[in-house]
């Protein structure tokens, strides 16, 4: 007869009417009993012949991707002018006095951040924008281009101008000013390590290992520039740097880089001086043929025997006869002035050699599940975390649940700040740019690759015969709709572009590490400035706590002003005031301890409602189920050990079948969640120890010992001794000399014992006692004779490796222990 849920509960000692613990508990360590229970609950039967179930509620296999939904009306989020102050360390020192070594080291790490991949693989431009939405190719192309353009305008990306130069918007940092070049030509490279063979040959060489020795390169670049005492302004030709992309008001000669004429071929004379025969886009297709070369003065290009120059693909339609009702020439003729073919940034900079390629693809998705009106750019630089040359990203401490509770469970009022576009605050050194390239090959190539009717041959690309091969009803309708949104920008966006990251991108494993270092250093500074308050951060989530609401508001004002003075952008609409229970990292943390947030509890209920019984479930779906249940496991009676059968099936990659009893057991576990309470400091006065054959306890001056019926593995014996000590004394601080018991991970013990021990020892804190000093050592060996002196072992709750309370420097801080905020009387009012 299968084991019923009631029997199973009684077996696990979860009911009160169990016999004496010293007899019942060792029985659960018996391997034979564990095997029989596993067979009864159908936990060990992994080889099943029935087809597997691949979907449980919303859970599908871990690797089956949910199809993202394209929204043609996505808004591109705006990025304020994010510019983190370069002298951030100096500003923090003005605020709080000298910084600690830890804070300084973390802030230096991101000023600027550096990225050293082992090998960079360059991909053709066609891979720049991923064809993620086959139904909405053109729409997705323009939306993504617009997003990239917005990022470039906000100073988050560099735009590759030539192999060795890039332009950007926003305020330059000092390391970018060292690398600025002014009116001297881009290719004057007789001296220094940047000299290279001519562009054509170097670009067509294979880019398999083009990692530059960046450390030495940065030094060279800086040294070469030190001799020249140029300021930014002095370096720039008064004529060579007009605001590009703005048509001059006069009707005289045209100073725009891209002229109004249909061919887009001529440059103004002063531009020609600043940029000798250099193409803005030396783009190459994967086969090595030139795709488009814009803005080359025709005489110089031809005289140097370069490839033929093709005029602008978009504007060519103006001079051609419409091929049908859906010809693109109808759209091109809508406007007289389509603006420039390319825009250029406010500042120019020399870069290490940057091929006309990309290193990662981009696509758009919803900003988050609750906000589908705005888009988010997904950047895939996964090449750096895969294969033989993968970069092993630095590890960083994530506070565990107990540390988090010890730290934040208090009677403070809480408020959380939202840092807008947190990743894009941290600047990257320009030498990293050639490794983090995104972009697109231009609309013509994009459409040509993906449309079925285009007969595109390399030798006749850009010529008139196949210009109209692009025309199709779908493209025409899409462009007409997009024209309403983007207007004359359609022309700009239809050109190829290559952009490199100037701030840290989200798709690289280094970025979360750097962000965590940055925000933890800033919070450490804030905590020392306001010693009676608490500031804590995890990634871009920053929380502030204070004793009273009015106190919290003034702290909020002071901290916000401080963060703004550093150049950190906060999103005021998303500041949340939590009262006394803080919502943070998926938990609700109050003075009673922590519990999972409500939406997670609802998800768990939903999961159990849909969970089928007696049907084999695909192990990938089990991974999803364990992911959800594992998050809430610390709040249940039996904790992680209860999920061990599921872990075992995932490890062996077999299907798992829920028996009615096991499902009822889990269901009951997760219906009643107990808060994880904060640990309190105290003195340890109860000690436990064991040998394979016996156990011993010391409770104050009382000592006890006992023997096991059969010898047990030492870790199991130590765990049993700890359980006896807890149930006999009721003390919540125990001393033990066993590291496994100390770790409170009971998943490696026999399954039934692990589940029962987790419930008995829930909320117990352990202190390590070396065996030689453990008062329970003698009783465990059967000797009750001599009593050792009792140790006074203090227990201090841990806050993990979050390096929270940085020691204040010895220099007295010049800020008194209170919040400063400008009184309106002192600031606004003037005596008459």
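Note that Cβ sites are derived from N, Cα and C of the backbone, with glycine treated the same way.
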Same-site residue for Mg(2+) (record: Swiss-Prot; known: 540, 541; options: 418, 469, 598, 618): 418
Of the residue ranges 186-229, 714-757, the one that Swiss-Prot records as region 'Disordered': 186-229
Residue 418 (Mg(2+) binding site) CB neighbourhood, other CB atoms within 10 A: 16
Stretch-averaged pLDDT - the region 'Polymerase/reverse transcriptase domain (RT)' (336-679): 85
Collapsed DSSP category at residue 540 (Mg(2+) binding site): coil
